[in-house]
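Asker: One structure follows; several queries about it will come next.
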Amino acid sequence: MLQLQRITKVFNPGKATEVIAVQDTTLRLEAGSFTVLVGANGSGKSTLLNLIAGSIYADRGKVLLNDREIQRLPDYRRSQWIARVFQNPLTGTASSLSILDNFRMAALRRVPKWLKLGADAAFKRSVAEKVETLGMGLEHKLAQPMGTLSGGQRQALTLLMTTMADVDILLLDEPTAALDPRSAREVMGIADRIVRENNLTALLVTHNIAEALRYGTRLIQMENGKIIRDCDQQAKLALKQTDVVSWFDYY
Amino acid sequence: MDFYLAAIIQALCLGPLVIGLFLSMKIFNIPDITADGSYTLGAVITAVGLANGFSPLVTLLLAMLGGAVAGSWTAWIHTRLRIHALLAGILVMTALYSVNLVLLGRSNKPLIGYQDLFAAFRVFADADHNALAVLSVGSAILFFCMSYLLRSDFGIAMRATGDSEPMIRAQGVNPARMKVYGLAIANALVAWSGSLMAQFQGFTDINMGIGIVISGLGAVIIGDTLMNFLKIRAIPAMLGCVLLGVMIFQSILAIALSAGVDANLLKLTTALLVLLIVALPRVGSVMQFGRR
């Protein structure tokens, strides 16, 4: 369970360019829930995600993961519990490293990396089995550098990499924004499957309303750094696409 | 023939340096200029160590330790104070000039008569052949250690750090610490080369490091071109290409010198040679441009 308690984040405080990105926000994500976060550009969605991941630190407030305060930990410490998939498919994987080496790093996300040759035959087999579940035929190309793969393939592998170690939270920051419709559908299908199979607590940021309605057990809208709508599973099922689109017509 | 043998021996002396520069420039993507200073530092520590009767192996280890400290300073300035890596390297390199001068006590120190690395392992009577044998063994150790290091879990993390910082942060690695380790290892290797070169040429000079980054870079680029040309992705083969690169580079310099290039123009020749190597892959596209 992830809790945000009265989180505030202000960029450029005291200057003319001051932006209150997240304002006194409290949010509680239950274990095993899949929350979808929508909102206009600049509404604070990505900042909220970065605050949870630890790429930026909150000015005020607490972040609790299973009742443990983590708001002062840097992102590379939080990553032992929190996995994330980035908007840019090139960010989540290392281009010049092989698929196998990328998975090796993902398998060691919770432990230090020692001077040990870990990518042995048994490890390779276990990765091949996992990659096979994607149905992309990549299990025969484990030695190939990530850079030679398409954005959709890399995003799918980034998702799969999060299952190499036991994580609690999966943050999805517009994972399909840079993908074509078919790859987007595939990647979201994989994300949904991974969240269910591993019973992860997931948070998806998206601008795609159809995706927002189709996936997840809860829907939240942010505006000006605050959560202004919060729909549980029942309310979410009753929503239609036009309803959600109308949320953005406030001018 | 002796002339080319000397070139190969020099290339082997520079082997650790080019592997170090390959690590900092290609694997970590950090333009690390510290090498100009840490190369001399390696030579200076060697001179001081040998003069004080330390064994050649202990002296070599001390020299590498000195290089590692210099490299970690650059990485610390770069990552903690957020100063551009190029500037951080120049700062440390400039500071090292004074450090080297103070350690050495004067600007030039001959090493003749001391028990050096080549004298310690005397296999062949002929000095050049002996140097070649000792350096070949050293290069082999370097090659196996580095290819093990870069294939290990730690090495994968180092390679990933140079590739995508967000990716490696998301896998629980602190990239700042990784860069400190990386530049420390790279500069320890550079100092290793400085130490070898001082012992091979028989003296340490305060200015011997000037432009050494460029010589090393030329070799790294030749190695990189070979990798791209042969489509090499395995780590040991990549290291092999870099080591081959330094042999090719030093041989070209030797040919240039034997063809009558004035020794005073050596640095100019080196710079032009590196320029040629860097520019060569682009000449094709320039010609295409002209045809448009």
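Glycine is no exception: its Cβ is also placed from the backbone N, Cα and C atoms.
The transmembrane segment feature in TrEMBL is assigned to B:6-25, B:37-54, B:85-104, B:131-150, B:180-200, B:206-230, B:237-259, B:265-283.
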Asker: Sequence gap of 6 or more, Cβ distance under 8 Å, 3 or more pairs: do the transmembrane segment (B:131-150) and the transmembrane segment (B:180-200) meet that?
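Answerer: The transmembrane segment (B:180-200) and the transmembrane segment (B:131-150): touching, yes.
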Asker: Return yes if the transmembrane segment (B:180-200) and the transmembrane segment (B:37-54) have at least 3 CB pairs under 8 Å (sequence gap of 6 or more), otherwise no.
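Answerer: Taking Cβ pairs at least 6 residues apart, the transmembrane segment (B:37-54) and the transmembrane segment (B:180-200) are in contact, with 3 or more under 8 Å.
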Asker: Per the definition of 3+ C-beta pairs under 8 A with sequence separation of 6 or more, do the transmembrane segment (B:265-283) and the transmembrane segment (B:206-230) touch?
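Answerer: Per Cβ check, the transmembrane segment (B:265-283) touches the transmembrane segment (B:206-230).
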Asker: Return the stretch with the most CB pairs under 8 A relative to the transmembrane segment (B:37-54), choosing among B:6-25, B:206-230, B:237-259.
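Answerer: So the stretch in question is B:206-230.
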Asker: For the transmembrane segment (B:6-25), give me same-chain residues lying six or more residues beyond its boundaries with a C-beta closer than 8 angstroms to one of its C-beta atoms, as numbers and ranges.
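Answerer: Result: 31-32, 35, 39, 128, 131-132, 135-136, 138-139, 142, 146, 158, 182-183, 185-190, 192-194, 196-197, 200, 212-213, 215-217, 219-220, 223, 238-239, 242-243, 245-247, 249-251, 253-254.
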